[in-house]
Every structure is written in structure tokens, then in C-alpha cells.
Amino acid sequence: MSEIGTRVYTECDADLSLIQNVLVAVIGYGSQGHAQALNLRDSGVNVVIGLKENSASRKSAQDSGFEVLLPQEAAKKAQLISLLVPDPAQRDVYESAIKHNLSEGDALLFSHGFNIRYGYITPPDGVDVLMVAPKGPGHMVRREYLDNRGTPAVFAIEKDASGRCFDLALSYAKGIGALRAGAIQTTFTEETETDLFGEQAVLCGGLEQLIQYGYETLVEAGYQPEVAYFEVLHELKLIIDLIVEGGLSKSRWSISDTAEYGSYVSGPRVIDKHVKENMKKILGEIRSGEFANRFIKDQDSGANEFTQLREIAARHPIEEVGARLRALFSWSK
């Protein structure tokens with residue numbers, strides 16, 4: 001048990017033979033799909049890949065030595081189906097290829113709880129529904145496995161039809177290498193809501209907006225765009241690495257006294273109580289399903305809003321400056 005009372009499960013807590021004794025169909029061969037499939041195979045698990053006939057990933061999966069079937073064929077053949085296509089595509093893939101090929105005793109696994117949490121997918125009775133969600137992108141999941149390390153994960157049980165779903169989740173987590181680092185049990189609801197909040201308020205949305213505003217403030221005050229880029233974006237990795245290694249305290253210990261003092265007196269003025277209130281509103285939209293409904297509605301109508309927002313973000317001046325600088329310096333090659 002950890003000091004905060006949350007149990008961290010490691011390799012000694014899992015029986016790898018459970019996942020080795022079933023056929024796993026990995027549906028999708030993108031970031032998580034390719035990493036989890038390769039790691040499972042290297043752990044002695046029988047894996048087939050399910051991809052549409054026109055999928056751009058078919059050749060990559062075949063070149064990696066996998067048997068590649070159509071999604072419905074893979075789902076019918078396997079006892080555990082790992083659905084690793086992007087969230088917006090999962091409903092259609094489930095309805096067209098998986099739903100009618102599930103048998104009692106099968107297991108349906110996700111690496112994000114979005115479609116279960118918001119009711120876009122409702123698996124039938126008699127089927128285990130579980131989640132193993134690595135806390136890192138696919139290339140990291142694969143790289144850490146090959147380096148005899150692991151990427152931490154969370155896991156959850158939504159429906160334990162077989163009575164062995166908990167053990168199966170841990171076995172799968174061990175198969176992809178996650179238990180080398182450790183896994184924490186959660187729920188589909190907790191994983192989905194906290195993951196979306198982290199992405200929107202801090203890791204992606206909040207951080208990107210903070211970087212852009214910092215860049216704009218310096219450039220509008222007359223400083224060189226290149227210098228502004230270094231100060232508010234490039235050096236961010238140095239700080240993030242310190243935080244990941246040893247928490248906020250290691251970052252504070254490692255920076256200069258000037259920087260540390262400035263962070264205390266100025267940080268709360270930038271990220272003030274109004275920011276926290278806005279964060280609470282965002283969390284409320286996530287918990288109520290408002291965000292999910294907006295996202296899926298836009299996706300279903302052609303992703304017009306998403307496309308427009310992506311194009312606007314790509315036109316920000318920091319992108320051109322960054323591309324030019326990265327082309328000049330050896331650290332980007």
C-alpha cells in the first residue's frame with residue numbers, strides 16, 4: 001500500500017497465463033493499438049489485428065508479422081477484444097463489427113472509458129467489460145517495454161460477468177508491461193472525467209493557451225519572437241522533466257532563487273482564483289456530459305467546428321517561429 005492509501009499493483013500481483021490462454025483481438029493499429037499488440041505478443045500472448053480493408057495501417061501490421069483480419073472476423077475469433085480505435089470511431093466499429101460477434105464469456109477491453117461512461121456503447125450481459133489505460137502515448141508504451149521498464153497504467157472493471165475480470169485486467173496490464181511500473185485501480189467514470197479534465201484544463205488546453213498568451217505578451221512588448229519562443233515554450237521541457245522526476249519540489253529546488261521567488265509572487269497573479277472557477281465549470285461540463293455531447297455531435301456532422309479550431313490554432317505565429325528555430329538547431333534533429 002502507498003502512503004496515500006491507494007494500492008499500486010505490480011507484476012507479482014498478476015498471472016500472465018490468463019491472458020496467454022486466450023486469443024486477443026486488437027481492433028485498431030494506431031498509437032495504442034500497435035504498442036499494446038506488440039508488447040502482448042512479446043509477452044507470449046496470441047494476438048490478431050482487426051482492421052478495415054482500406055485501413056492505412058494494414059501494411060504496417062502485416063509487416064510486423066501479425067495476422068490481420070477484418071474487425072468482425074477478429075472479434076468473432078477472439079475471446080478478448082481490445083477496442084483501440086479513436087473515441088469517435090468506436091461506436092460505429094462496435095455496432096458494425098463487434099456487437100454481434102460477442103459471445104457469453106468474452107471480454108471487451110478499452111484504454112479510455114469515454115464511450116462506456118457516456119453510454120455510446122452498451123455491451124451485452126454475459127460479457128466482461130474492463131479497461132487498462134496506460135498513462136502515456138503508444139510510442140512510450142512500446143519504448144519502455146523494450147527497455148525492460150513499463151508505462152504506469154490505471155485499470156477498471158465495469159462489468160464482471162465471468163467473475164475473473166479483475167484478474168484478467170491485471171494479466172493484460174502485465175502483458176503490455178504496465179505492471180513493471182505499477183497500476184492503480186479506478187472506475188470508468190473516474191478515469192474518463194479526470195482524463196478529459198487534465199487534457200482540457202491543464203495538459204493540452206490550459207498549457208497551450210498559457211504558452212500562447214506568454215508569447216503574445218512578450219512579442220507585443222517589442223521582444224524578439226525567437227527569444228519569446230525560447231522563454232515560454234522551449235524551456236518548458238526542462239521544467240516538466242524536473243517535475244516528472246521529483247514533483248514540484250524538485251523543480252523549485254533546481255531553479256534559481258530568483259525564478260523560485262518570482263514563481264511565488266507572480267504565479268498566483270497569472271493563475272488566480274478565477275482560473276480555478278473556470279476549471280470547475282469545465283469539470284462540470286465533463287461530468288454532465290455536455291462536453292461529450294458537443295464533441296460527438298460535431299464529429300457526427302463532419303467535424304466542422306473541430307476542423308475550424310484546428311486551423312485557427314495552426315495559424316498562430318508561434319508555430320512559424322518554432323518551425324524555423326527547430327530547423328536551425330541540432331537538438332531538434
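Here the Cβ of each residue, glycine as well, is placed from N, Cα and C on the backbone.
Of the residues G138, G150, G163, G175, Swiss-Prot puts just one in the NADP(+) site with Y29, G30, S31, Q32, K52, S55, S57, D87, P88, A89, Q90: G138.
Using a 10 Å radius centred on the Cβ of E199 (Mg(2+) 1 binding site) and all shown protein chains, the other Cβ atoms total 14. In the three-state DSSP scheme, D195 (Mg(2+) 1 binding site) falls into the helix class. Around the Cβ of P88 (NADP(+) binding site), a 10 Å sphere holds 17 further Cβ atoms from the protein chains shown. Confidence over the domain 'KARI C-terminal knotted' (187-332), given as mean pLDDT on the 0 to 100 scale, stands at 96. Here nothing among the recorded positions H112, D195, E199 falls inside 10 Å of the CA of Q90 (NADP(+) binding site).
Around the Cβ of S57 (NADP(+) binding site), the same chain contributes G28, Y29, G30, G33, H34, L51, each under 8 angstroms and 6 or more positions distant in sequence.
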